[in-house]
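Colleague: The following block contains the structure, expressed as structure tokens.
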Amino acid sequence: MRPASLSHLTACQQGVVELQKELQAISVPDFSGVFKIKHLGRGSYEFYSMAVDGFHIPNPEIEMLPSDGLRVFIKDASIKINGKWMSRKNFLKAGGNFELSIQGVSISTDLILGSDSSGHITTICSNCDSHIDSVHIKISGSMLGWLIRLFHRKIETSLKNIIYKKICKIVRDSVSSKLQPYLKTLSVITRVDDVTSVDYSLVAPLTTTNQFLEGQLKGEFFWRGHRGPLPIHPPVMRFVPNGAYMVCMGISDYFFNTEVFAYQQSGTLKMTLGGQLLSNDGRFQLNTDFLRTFLPKVAKMFPSMGVQLLISAPVPVHLSIQPSGLSFIPKLETQAFVVLPNASLVPLFVLGMKTNASLEVDAEENRLVGEMKLGSRWLLELKESKFGPFKVEYLEDIINYLVPTLVLPKINERLRRGFPLPLPAGIQFSDFTFYPYQNFLLLEADLHLI
């Protein structure tokens, strides 16, 4: 997976939302001072009950740091603080409200990216600098406010220093308390369904170039009941990211083939067909009378009894990705049984079946969805028969009717439910495009906050 730098603008927008909440709640301590005016003598002032009334942060700018980091710039932010003031001079006492306007706030933060032992992405704030261009205070509420205005520069400087010292502390705290937990919402192990999960852990450190942040995720399905070594290995993927999209993600054939392997290993790639499924269809009757033409002995021994077909995948199907698309040769096995009145089964024969098929892939929200299409008729082979050999041509019509009519819709129903793609919470793919290459599928997409 190779996200372009723009993708992290979206993630940083999410971070800026959280940062803005933290800065909005910034605590400005009360402070006081003394003044001395010629002919009037000494007096004191106090500023208290200060609260941030607004903290505007424009969209951040992002620069890639060499090797493993990002630099996030926030420019021209502004802060408004409201509070109360009080001044004393001998027996005179005055007070009122004030409004502090802080303009041209700039924040520069360096984030170093890494991973922990579980494969989650980690980040730390390695450096933070801030700058404030100007501070202006507006005093109101008393005829003696002019006394405070005489010292506005000293007061403004004091408040500026208080805010300046707090900004980077809040940024550092937000990285550890908000951004790091948010990155953990990009699940390492994602549950797909009751049978499988997919492992999206990092297999190599994140790296940065001038334009892109690149990460290699495992993208490996496994059976939830048991996870063991796989007999297949991921291919090498090489592609140049398209800077017109926020995310460019290479999805190798390893992703799809581990999915098939997990389902096959779990024993769920099977389907039973019986006469009840064809009760409203007059074209075929799945019973021993239908077998009379090529298995007369069965029809005689078990007159007018039901026949049950168990269709399964005895070996994992290997999907191939080429520039022409996604294709594979499904190899299935059909076991036929007679269903006795007491519901016990009598084995009849075993057929081997194969055909050409393709997979069309799309995306909906944050899930990869698909549709399987059959390319030709099923070719049959008799592997075993308990009642003597026969010509498989007698079964071609019913198999080529049953599989597209009953089996394929079940497969596509599962494919349409989709499989989760790796994204943190609150972010969604949009404007998808897919391009097949040798051994991998390239997904290009934009991102938006939800």
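Even glycines carry a Cβ here, placed using N, Cα and C.
TrEMBL annotations: computationally assigned, not manually curated.
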Colleague: Looking at TrEMBL, which of C12, C168 bridges to C128 via a disulfide?
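Modeller: Record-based pairing for C128: C168.
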Colleague: Within 10 Å of the Cβ of C168 (disulfide bond), how many other Cβ atoms can you find? Include all protein chains, please.
Modeller: 17
Colleague: What is the total of other Cβ atoms whose distance to the Cβ of C128 (disulfide bond) is within 10 Å?
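Modeller: Its Cβ shell of radius 10 Å holds 18 other Cβ atoms.
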Colleague: Per-residue pLDDT averaged over the domain 'Lipid-binding serum glycoprotein C-terminal' (241-445) comes to what?
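Modeller: 91, rounded to a whole number.
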